[in-house]
Amino acid sequence: MSTTTTTMPDIWKFSSKDGRFHRQVASFRDEIAKGGKFEPEVGRYHLIVALACPWAHRTLILRKLKGIDKVEGLLPVTVVDSFLGPDGWTFVPYENNYTNVPGTGNHIPGEEDKTRIRDFYLAAEPEYTARYTVPVIWDNKLKTIVSNESSEIIRFLNTCFDEFLPEEFRGVTFYPEELRSEIDEMNELVYPNVNNGVYKAGFAATKEAYEENIPPLFETLHKLDKHLEGRDYLIGDRLTEADVRLYTTIVRFDPVYFCHFKCNVNLIRDGAFPNLHRWLRTLYWKNDAFKSTTNFESIKAHYFGSHISLNPTGIVPAGPLPHILPL
Ligand SMILES: N[C@@H](CCC(=O)N[C@@H](CS)C(=O)NCC(=O)O)C(=O)O
């Protein structure tokens with residue numbers, strides 16, 4: 001017997017009527033650039049993230065890779081609490097949640113009255129009715145949102161702050177001209193099948209929606225594993241945004257997606273993906289931009305604690321230990 005949409009729990013806010021998960025299109029699509037509405041300046045912009053969120057995680061990695069964190073006030077980070085509750089992401093933790101993870105739940109100075117991320121969205125656009133997502137780049141001068149689309153934020157961070165950065169970071173780009181078509185092609189494979197693929201499996205509200213999303217996910221993981229044989233990076237023998245975009249999903253795979261999103265055909269670590277596993281651990285252990293931005297405690301607290309339709313008790317599983325294996 002097939003599962004019908006009428007049996008869907010009403011708390012199922014993530015899937016649409018057909019039981020399939022469709023990620024909304026981001027609404028704020030501007031960029032920080034010279035000569036535009038959002039001029040590069042020190043002390044003007046803030047990055048708002050959840051440490052748990054793979055999309056926000058991309059922007060944290062790029063911020064470090066570009067050395068933006070080395071310049072005080074250039075793009076400080078504000079971290080929401082790990083728990084995504086009925087009022088969305090918050091700066092002030094909800095009462096009685098499991099997720100008091102150190103380093104989460106702080107404020108933008110001068111914006112302490114904004115306790116929820118939706119307060120920033122509504123300040124920017126009072127008529128805003130879509131989801132209040134992270135990451136967000138907030139402009140403290142115009143009191144508005146520059147962008148809430150991670151794929152675009154990680155592009156303009158390559159260049160927009162170069163004039164303020166230490167010499168060694170100027171001109172460094174993770175989307176180099178000569179590799180763009182290969183990077184774009186890789187992103188087109190990885191986004192629907194892996195980055196969003198795990199969500200489509202996890203938030204599937206029908207058996208059919210779940211079953212149609214598992215094969216492309218694991219087929220793509222095998223393809224990527226083959227592609228990484230004898231290579232350290234996905235594209236062109238150097239670190240690019242393609243690695244950043246894949247990393248934030250793969251590092252969450254064993255601790256969260258395998259169990260919580262029922263992506264349990266294989267673990268990354270169980271031998272089925274030796275090259276992908278080596279690539280993951282090399283990025284994590286050899287490059288601080290990856291390790292220092294990966295907070296397993298917050299990641300697990302968020303997913304297992306917040307999605308009560310998937311995990312009604314909110315209990316956060318202990319393993320797998322260690323969260324990532326040594327090289
Ligand atoms: N297009 C966005 C997607 C961001 C997104 O979906 N973020 C999720 C967290 S993983 C979120 O904030 N969800 C809050 C909600 O749906 O209420 C991007 O890549 O920047």
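Yeah, the Cβs are placed from backbone N, Cα and C, and that goes for glycine too.
For CYS53, the entry in TrEMBL reads active site, nucleophile. Secondary structure from DSSP puts CYS53 (active site, nucleophile) in coil.
Reduced to three states, the DSSP call for TYR199 (active site, proton donor/acceptor) is helix. Taken from TrEMBL, the feature active site, proton donor/acceptor applies to TYR199.
Taking Cβ-Cβ distances under 8 Å and a sequence separation of 6 or more, the neighbours of TRP89 (glutathione binding site) in its chain are ALA50, VAL80, ASP81, ARG116, ILE117, TYR132, VAL134. Taken from TrEMBL, the feature glutathione binding site covers TRP89, ARG131, TYR132, THR133, VAL134, GLU149, SER150.
Marked as domain 'GST C-terminal' by TrEMBL: 176-303. Here the domain 'GST C-terminal' (176-303) has a mean pLDDT of 97 out of 100.
Feature annotation from TrEMBL assigns site 'Lowers pKa of active site Cys' to TYR257 (among others). Counting every protein chain shown, 25 other Cβ atoms lie within 10 Å of the Cβ of TYR257 (site 'Lowers pKa of active site Cys').
Around TYR303 (site 'Lowers pKa of active site Cys'), the C-beta neighbours below 8 angstroms that are at least 6 residues distant in the chain are ALA52, ARG252, VAL256, HIS260. Secondary structure at TYR303 (site 'Lowers pKa of active site Cys'), as computed by DSSP, is helix. The site 'Lowers pKa of active site Cys' annotation in TrEMBL covers TYR303 (among others).
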Count of other CB atoms lying within 10 Å of the CB belonging to VAL134 (glutathione binding site):
24
Given GLU149, TYR199, TYR257, TYR303 as the recorded positions, which ones have a Cβ positioned under 6 Å from some atom of ligand 1?
GLU149
To the nearest Å, how far is the Cα of SER150 (glutathione binding site) from the Cα of TYR257 (site 'Lowers pKa of active site Cys')?
20
Could you tell me the C-alpha distance between TYR199 (active site, proton donor/acceptor) and TYR257 (site 'Lowers pKa of active site Cys') in angstrom, no decimals?
8
Maximum Cα-Cα separation in Å among residues TRP89, ARG131, TYR132, THR133, VAL134, GLU149, SER150, which the record lists as binding glutathione:
17
Spatially, and counting Cα to Cα, which of the recorded positions is closest to CYS53 (active site, nucleophile)? Options: ARG131, THR133, GLU149, TYR257.
THR133
